[in-house]
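A.B. asks: Before anything else, here's the structure in question.
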Amino acid sequence: MKTLHLIVVAGLLGMGFSAWANPQLADEKQCMQCHSVTKDGAGPAFQKIAIRWKGDPSAEKTLVATIRKGSVDGGGRHWGIAKMPDDSERPLVSEDEAKQLVKWILSL
């Protein structure tokens with residue numbers, strides 16, 4: 001029984017850290033210069049992205065590519081006329097970091 005409690009607590013702590021770490025990662029990678037969680041800016045709000053891509057089996061692949069390479073070379077333009085900059089215009093985002101960001105965004 002104690003083992004089960006430890007597993008549950010560890011899982012909750014892990015979720016809490018993950019939820020805290022992803023907005024920090026988004027800020028570190030300069031995502032928040034164009035996006036916010038709830039309001040559109042130069043880019044769409046993360047909540048709107050989550051709503052649009054919810055249930056789409058290609059969401060992770062497309063969004064990871066877009067985050068890593070921009071909308072022209074990555075996932076293609078899929079949100080209005082604005083272009084998501086490529087990695088020459090902002091900090092590099094690794095595959096793992098992009099997956100973390102996508103998981104967080106889609107959870108909103």
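Numbers here mean position along the shown chain, with the first residue as 1.
Placement of Cβ uses the backbone N, Cα and C atoms for every residue, glycine included.
In TrEMBL, annotation is done automatically, which means it is predicted and not curated.
On a predicted model such as this, the values are computed, not experimentally measured, just so you know.
Residues annotated as heme c binding site in TrEMBL: CYS31, HIS35, MET84.
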A.B. asks: In sequence order, which residues at least six apart in the same chain have a CB under 8 Å from the CB of HIS35 (heme c binding site)?
C.D. replies: ALA26, GLY41, ALA42, GLY43, PRO44, ALA45, PHE46
A.B. asks: Which chain neighbours of the heme c site, leaving out CYS31, HIS35, MET84, have a Cβ atom within 8 Å of the mean position of the site's Cβ atoms?
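C.D. replies: Sorted by sequence, the hits are ALA26, MET32, GLN33, CYS34, GLY43, ILE67.
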A.B. asks: Taking DSSP as the reference, which of helix, strand or coil describes CYS31 (heme c binding site)?
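C.D. replies: SS state of CYS31 (heme c binding site) = helix.
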A.B. asks: Pairwise over CYS31, HIS35, MET84, annotated as binding heme c, what's the top Cα to Cα distance to the nearest Å?
C.D. replies: 11
A.B. asks: Quick one: give me the count of other CB atoms within 10 A of the CB of CYS31 (heme c binding site).
C.D. replies: 22
